[in-house]
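Structure below; questions to follow.
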Amino acid sequence: MMESGVPLCQLCGESVGSSPSGEVFVACLGCNYPLCQSCLDYTIDGGRSSCPRCETPYDHHEKTMADSKKEPDRELTMETYLENDQIWKNRVESWKEKKNKKTKSSAKKVPKESNIPMEQQMEEQVFPEATQPLSRTVPIASNKITPYRIVIVMRLIILGLFFHYRITNPVDSAYGLWLTSIICEVWFAISWVLDQFPKWYPVERETYIDTLSARYEREGQPCELAAVDFFVSTVDPLKEPPLITANTVLSILAADYPVEKVSCYVSDDGSAMLTFESLAETSEFARKWVPFCKKYLIEPRAPEFYFSQKIDYLKDKVQPSFVKERRAMKRDYEEYKVRVNALVAKAQKTPDEGWTMQDGTPWPGNNPRDHPGMIQVFLGHSGAHDIEGNELPRLVYVSREKRPGYQHHKKAGAMNALVRVSAILTNAPYILNLDCDHYVNNSKAVREGMCFMMDPQVGRDVCYVQFPQRFDGIDRSDRYANRNTVFFDVNMKGLDGIQGPVYVGTGCMFNRQALYGYGPPSLPTLPKDSSCSFCCCCCRPKKPSKDKTEIYRDSKREDLNAAIFNLGEIDNYDEHERSLLISQLSFEKTFGLSSVFIESTLMEYGGVAESSNPSTLIKEAIHVISCGYEEKTEWGKEIGWIYGSVTEDILTGFKMQCRGWRSIYCMPLRPAFKGSAPINLSDRLHQVLRWALGSVEIFLSRHCPLWYGFGGGRLKWLQRLAYINTIVYPFTSLPLIAYCSLPAICLLTGKFIIPTVRHASSPLKAILKHLWNSMTVHIFPLSLYRNSFVKPKPIFSATFSLTKELTNLASLWFLGLFISIILTSVLELRWSGVGIEELWRNEQFWVIGGVSAHLFAVFQGFLKMAAGLDTNFTVTAKASDDAEFGELYVFKWTTLLIPPTTLLVVNLVGVVAGFSDALNSGYEAWGPLFGKVFFAMWVILHLYPFLKGLMGRQNRTPTIVVLWSVLLASVFSLLWVKVDPFLSKTNGTMATQSCNSIDC
């Protein structure tokens, strides 16, 4: 592994080495293109005399070394009370020895004078694939993105003109309704700006996994791919079926990645023996499943989903033995399912004395709120091998200690426990976390992520690589927008062009150093004080200097309150200063009282600490998951998963990007991971409620993006807008529910939020007035058509004169606003590839969730802050029903259904009342009625999926049919009473001319 801060050669992939003076070797003084001495000599001998990047000529005669801009060693003046602990003295000695070993090994690799011919050296080191990039950023084509940006700007201008008209033209007769509508519309405009402008720079990315293999998996040499630790979290095996968790684990163990580089840690936060026993069964089945997957290269490598595919499994399978082995494997899997389901059936009723393990000892986790920490290694270097004798990836069961009186922080606390355990046992430099229901759908997903993480030019400043979420088992129409396609295919691409996507809780590969709170390597070093002691008497008196810790925090973290620093800073100190610095920054107060774990945090490229004793690793791992380990440390505050919100994912990613890191959005052609989503209306609303509640909690915390992280200046302003949008969107529920109530109020009261036209003369108005006044609707009695010789006369005539409601200028602003909204959506669909049905479903559920779950989240969040009422975390039940979309039609009543149901009923009643009032008032009332009914229908159409959710199963009478029947029957009944067909022709005509009321 190369030293911290030393780049890799772009040709051979090795460290560029150092010059005789000890500084980093630089081949090109113009652009610092990283080339080692051997590759530079080979390039010059090949006839190239200039840099391949900037074409700056090489200097052939003087092998000068460029100034690497390293700051001189800083002079630290520590307080006398700081103690040099013996542990840190030993650490300093070990660092010194390791550095000397690396220097000697690098000197052996790049000798000054070698007897081996240069051509032979380059044949052994240089490969064509080593010069190629591992990934590429693909910007959206200009013919797609430029019109999109132009329409956004036009829409912003039209929006300003629209608000100028709305504010300067109040409705005196309905001032309250007008003011409410203005406030709502202004909030909607702000929400649109927060959502729209972070999509200004959308990008796409390509990865080259073949180049990755060619560079780090050379034939005849040890594999140099980085190791990765998988984290799988589960809580309740009755809500999260063990078979689903087992499929996720099996897909991880069978991933297309070197087995010695993969470890899988399963967190059982419910301490259930069912989870433990199912993992034991899974580890046995994995001995057959993993070699089968790798032998025949099957996809996906989760057996439940592989065997349920409705495709020709013989396609592209040329091995004659495949059919036979597949049938045998399916039979083995069915037997495995029977064993696991038997464990589930057994666990339905807990014995009075608690569970007992096979050896007769009581299960330590019988009390899920009071039990010791448990760790069990099922597979790995010391575990069982597969049936062909090959090594399997490590599989570790972890259940952290829980005791009454301690705050355990739910999922975030469980993930932090896994971080510490994995650092003790394997300490892979990268971590990939998955929910228990998200299996690996693409066996090369890890390689896709490594194309960014291991890229020497890109990966140094990447804190995580986020993959999009894709789901199985969703109904074809995606009634409740479970796929979240607009978010994952539009918003996340836009964020990727700024500072990277937000962390969404699963399907994410982390840089372990970013989780430890370290800053990115590109963070500037702290300059050394330039003042000298002999001239201090000649200098003017200065203000008392700050403590070094304060200077460091102000210059590198500012208001971020981070407790630790950039790894590159360590190399700028001598051994004595390192010991003092570490004592000052209090690593033990930051990471906890575990010397083995603290040493692992300083190993940028992973690996188990050399000073650790293998025989005591499990004991140390048990220690770091004790319930009191995090007390008086920075866990959950500045390092690891951040506490304080049920949506710990948003908060964790936000803290990383405030430190200067960026993230990457990786969208392979074959989805990397797939999971399940709650397709039932009630469960879906509860899921959205939890997300919205987490956003409200962040808004009310010190980490709110409105005021947190400004001092460092490392979070780009468009990225900040995106984070602000993620925490303020629940508050849109307040103006949204008011706005959805306005059409019903207008219909019931006969008032409207738009003023009546004032007389004005203009050519455009005359044209509009002529066009609208020509729209006259006649209703004829059907009986008159029986006699073709009689010319029918209208029994009802209504002229829709919209110019009586809107001026010509206002009509232009309304029309322009609607057109700009449509154009923005169309152009967004064009560059993103999202379908129009997916966009419409997203809009519908935005209204459904806004008037239900988001509204409750706002009130619960403020109650939690004011009264300290905590909200219980509800685990979303994972679907295990074999019936296709069986959960979709299950009706579960919840209070979240009350607000949207009320809005539906009120708007439907308002439509009926509006038609009744128009019939009583005469034909002049039909023009104003048109706008009000259109407004009400906008609400009803957006709540239509909610109506379908209230229907129940498809074999029942659809509720929507009943509602529309009642509505239409009411309208036609009123028309019947109005027409009164029993009147004579002459009297009827006179009556209709002289009477415009139902009571006449």
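Glycine too: its Cβ is placed from the backbone N, Cα and C atoms.
Automated prediction, rather than curation, is the source of TrEMBL annotations.
Here's the feature list from TrEMBL:
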- ASP269: active site (ACT_SITE)
- ASP649: active site (ACT_SITE)
- SER233, LYS239, GLU240, ASP269, LYS410: UDP-alpha-D-glucose binding site (BINDING)
- LYS411, ASP435: Mn(2+) binding site (BINDING)
- 9-55: domain 'RING-type' (DOMAIN)
- 727-754: transmembrane segment (TRANSMEM)
- 806-826: transmembrane segment (TRANSMEM)
- 846-867: transmembrane segment (TRANSMEM)
- 888-913: transmembrane segment (TRANSMEM)
- 925-947: transmembrane segment (TRANSMEM)
- 959-977: transmembrane segment (TRANSMEM)
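Distances, neighbours, how buried they are, the whole picture for these features please.
Residue environment of ASP649 (active site) contains 24 other Cβ atoms, counted within 10 Å of its Cβ in all protein chains.
Around the Cβ of LYS410 (UDP-alpha-D-glucose binding site), a 10 Å sphere holds 16 further Cβ atoms from the protein chains shown.
Residues within less than 8 Å, Cβ to Cβ, of ASP435 (Mn(2+) binding site) and separated from it by at least 6 positions along the same chain comprise VAL232, SER233, THR248, GLY505, THR506, GLY675.
Across the domain 'RING-type' (9-55), the prediction's mean pLDDT works out to 69.
Panel annotation: around the transmembrane segment (727-754), residues 171, 173-174, 177-178, 180-181, 183-185, 187-188, 191, 194, 650, 692-693, 695-696, 698-699, 704-705, 805-806, 810, 847, 850-851, 854-855, 857-858, 861, 899, 903, 906-907, 909-911, 913-914, 917, 928-929, 931-933, 935-936, 938-939 of the same chain, lying at least six beyond its termini, place a Cβ under 8 Å from a Cβ of the stretch.
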Could you pull out which residues elsewhere in the chain have a CB under 8 Å from any CB of the transmembrane segment (846-867), counting only those six or more residues past its ends?
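Distant contacts of the transmembrane segment (846-867): 480, 685-686, 688-689, 692-693, 695-697, 699-700, 729-734, 736-737, 740, 895-897, 899-900, 903, 939, 942-943, 945-946.
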Distance between ASP649 (active site) and LYS410 (UDP-alpha-D-glucose binding site) at the Cα atoms, whole Å?
13
Which residue, of the binding-site residues LYS239, LYS411, has its CB surrounded by the fewest other CB atoms within 10 A?
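Looking at the binding-site residues LYS239, LYS411, the Cβ with the fewest others within 10 Å is that of LYS239.
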If one measures from the C-alpha of LYS411 (Mn(2+) binding site) to the C-alpha of ASP269 (active site), what distance in angstrom results, rounded to a whole number?
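Taking the Cα atoms only, LYS411 (Mn(2+) binding site) lies 8 Å from ASP269 (active site).
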For the C-alpha pair, I'd like the distance in angstrom between LYS410 (UDP-alpha-D-glucose binding site) and ASP269 (active site), rounded off.
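ASP269 (active site) has its Cα 8 Å from the Cα of LYS410 (UDP-alpha-D-glucose binding site).
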Give me the Cα-Cα distance between LYS239 (UDP-alpha-D-glucose binding site) and ASP269 (active site), rounded to a whole Å.
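One finds 13 Å between the Cα atoms of these residues.
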Applying a 10 Å Cβ distance cut-off over all chains shown, what neighbour count does SER233 (UDP-alpha-D-glucose binding site) have?
23
